[in-house]
Structure formats: structure tokens, C-alpha cells
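As C-alpha cells, the structure follows; a few thoughts come after it.
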Amino acid sequence: MIRNTLFLLLWETCVISFQPLPSPGRVDRLAIAVKLSSSGSFSPPTNPPTEVTKNDENEKTYKGDVFNANTRQLLGIKDAAEEKEKWKLRLQLLKPITWAPLTLVTMAGAAASGNYHWIWNPWNPADQRVLLGMEDALKGLVVVLLAGPFSVGFAQTINDWYDREIDAINEPHRPIPSGAITKEEVFQQLRFLLLGGLSLAIGLDEWAMHDFPSITAIALWGYFVSYIYSAPPLKLKQNGWTGALAIGTSYVSLPWWCGQATFGDLDSPIDWFLPLFFGLAPIGAAIVNDFKSVEGDEAFGLQSIPILIGTDAAKYLAAAVPDLIQLIVAVYLYSIGEVFTAGSIVAFLFPQLYFQFNLLFPDPLENDVKYMALTQPFMFLSILATALCIGHHT
């Protein structure tokens, strides 16, 4: 009973973490581009009507949504309440909703080390290393803070800064385009997140007694990728391929390495290759996320993958990339004698294939949210199974 409950809790966490959230009243970017090009000045188009219920302005909710406006602000997602309290505005810039996937992958990295100690090991009740387990739990909390609020928070804040002109059209009520938070306050936050994150990384290296500060090096690389993803002249997000690769390494490879380095060493080629290989899988998710904005991206000159190769080819690529990655990992694990884990990954593939044929291929634009919500938890289970296997492989 307890094991079933834990599985259901993990499943719900995966679904919430990877589900793209709907955005009622989203401004159509193509309509904006047409208005700009025809008139030479900006006149915001009227948002499409959205069914809203509300008790007051800050408690409004959109039909079918699970978050009210206040909760949306604290999570950093669209259609949030308009608040003036600075701590809420700063938290909104950090977009806490984006921390969960990295937290899960960081946990997978800790599992891959093979050195994480449970406070109480449910698989071995005789294991009573409570103090060691408490220390590892505290380490885990620190590395999650580094990967989530400090690293992803930095990436989200700097992305909002360099997207402020587009947000002034699409989301004018966000903290930066609305003027609720100043340029100096944004850069204060960026400095705090950068220096605070590096301090945590240095502390973790000392705690782990590393000869080479691997966690600090990983953190520095993560901050660098976050900068070049959003900022000119490179601005990797302008191209679908470079943007997807940057997201993949930031959301899979780097947190995995960070979690593993906190509890062990990255002293084997496979310790580097597997997270990097799994980091290619988010290319599929990035493609699916881009279908809904193809016309707007074309108008703004953004080269998303559906624009570069066509939407029909893109939907098949969105399925093929994560499928092949998981299949190749399963073959590798089978080759080293880890038959059970290899079989588990293949089993996790079947529901993904089912949803690809029944949701993604027939209508990727209409079914994008449902497809992502139903398939991404299985992708994470493949990552977690692989990490646990590598951590205990002899």
C-alpha cells in the first residue's frame, strides 16, 4: 500500500513538473507583427474573450485552470495577479514552476552516484546509518537550491530581461515591461543569484572534498549557457537547434552532473556521456512547444525547428529523438548485463509510442499540452531508472 502511494505521488509530481500550462488570452504574435508593419506604431490587439470567474481581481481563475491569479504570480506563469510587493515580483521573475524538472533530474544524478544514503532505507531495514543519511539529505537540499532557485532562477530572470520588448506586447503586466521592477533591481537580483549560486557550488565542492571543483565548474557553465541562450550577440534561442540543445543540457545534463558530483565522482566516461545523451531528448519537447507559435515565430524572424524543416517533418522528429535515445540507452544497459532496467525503459517507451500515434501525429497543435503531460513522466522514469541502475552497477 505504501509503495503504491509513493508511486502515485511520484507520478503526480512528474505530471505537474513537465506539463506545459495553458495561457488563456494569449496575444497572437502574427496579428501584432501585421499591426506593427502596417501602421508603424503599436496598437495592442484585443485579447480573445476568455471565460473568467472571480471574487476579486487577485482571485480570478480561468475556466479549466487549477491556479488562481495569486498562485500564478508566485509560480511565475501567465495571467498572474498584478501585485506591487517586491518579494512577489522577484519571485515571479524566478518562475518557480520551472524548478521542479531540475529538482527531479538532480535527484536522478544523486542516485547515479551510488553513494546517496537514506535516513531509513526501505529496501534494507537493517541499515541504520541515520546521521549519514541526514547529512546526505542536507546536501541534497543544498544542491536542489543551487539547481532550482539560483541557476534556473538566474536563467529565467535574464531571459525576461532580454525579452522585455516582446513581453511588452505579449505579457505587458509582467514585472519588467510593466515597470513594476526597475533595471537596477533586475540586475541586483541577477548578481545575487550568480554570486549566491557560485557560493553554494564552492561550498558543495568543499563538503564533498573534491580535488577539482567540479560542481563549481558545472555551475559556471550553466550560468554561461543561460546568458548566451538569451543575450545577444549569440542568443541561442533564435535558432531552434541551438536553443533546444541549450535547454537540454541545462535541464538534464547539468543538474544530473551536479547531483552526481555532490555525492560521488564523475570519473568514468559513461558518467559524462549518459547525461549528455539524455540531454538531447528535450529537442522533442522543444519542437512540440513550438508548434503553437509557428506563424508568430516567422513574423518575428525566429528560426524554430518546425519553421526550419516544416511542421509535418517536425512532428515525426519530435517523437523520433526521445524514442531513439531511450532505445539506445536500453540497448547499452542490456549489453552490460542490466537486463531488468533495459526492459523497464523499453516498457516506458510503449505508452509514449501510443500517445505519439494517437495525439502527436494526428494533430500536434491541438494536442500539444495533453501529449506533453502524458509522455514526459515516462521520459523521466527512463532517466531515473537509468540513473539508479548506473549507481548500483558493479
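Keep in mind that glycine also has a Cβ here, set from the backbone N, Cα and C atoms.
Unlike curated entries, TrEMBL annotations are predicted automatically.
According to TrEMBL, the protein has these features:
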type	residues	note
COMPBIAS	39-52	compositional bias 'Polar residues'
REGION	39-58	region 'Disordered'
SIGNAL	1-17	signal peptide
TRANSMEM	97-117	transmembrane segment
TRANSMEM	137-155	transmembrane segment
TRANSMEM	212-229	transmembrane segment
TRANSMEM	331-351	transmembrane segment
TRANSMEM	371-391	transmembrane segment
With the greatest number of Cβ pairs under 8 Å to the transmembrane segment (331-351), the stretch among 97-117, 212-229, 371-391 is 371-391
Hey, would you say the transmembrane segment (97-117) packs against the transmembrane segment (212-229), going by three or more CB pairs under 8 A that are 6+ residues apart?
no
Report, as numbers and ranges, which residues of the same chain sit near the transmembrane segment (137-155): CB under 8 Å and 6 or more residues beyond its ends.
93-96, 98-99, 102-103, 106-107, 110, 116, 119, 190, 193-194, 196-197, 200-201, 203-204, 207-208, 215, 219, 222-223, 226, 229-230, 250, 254-255, 258-259, 262-263
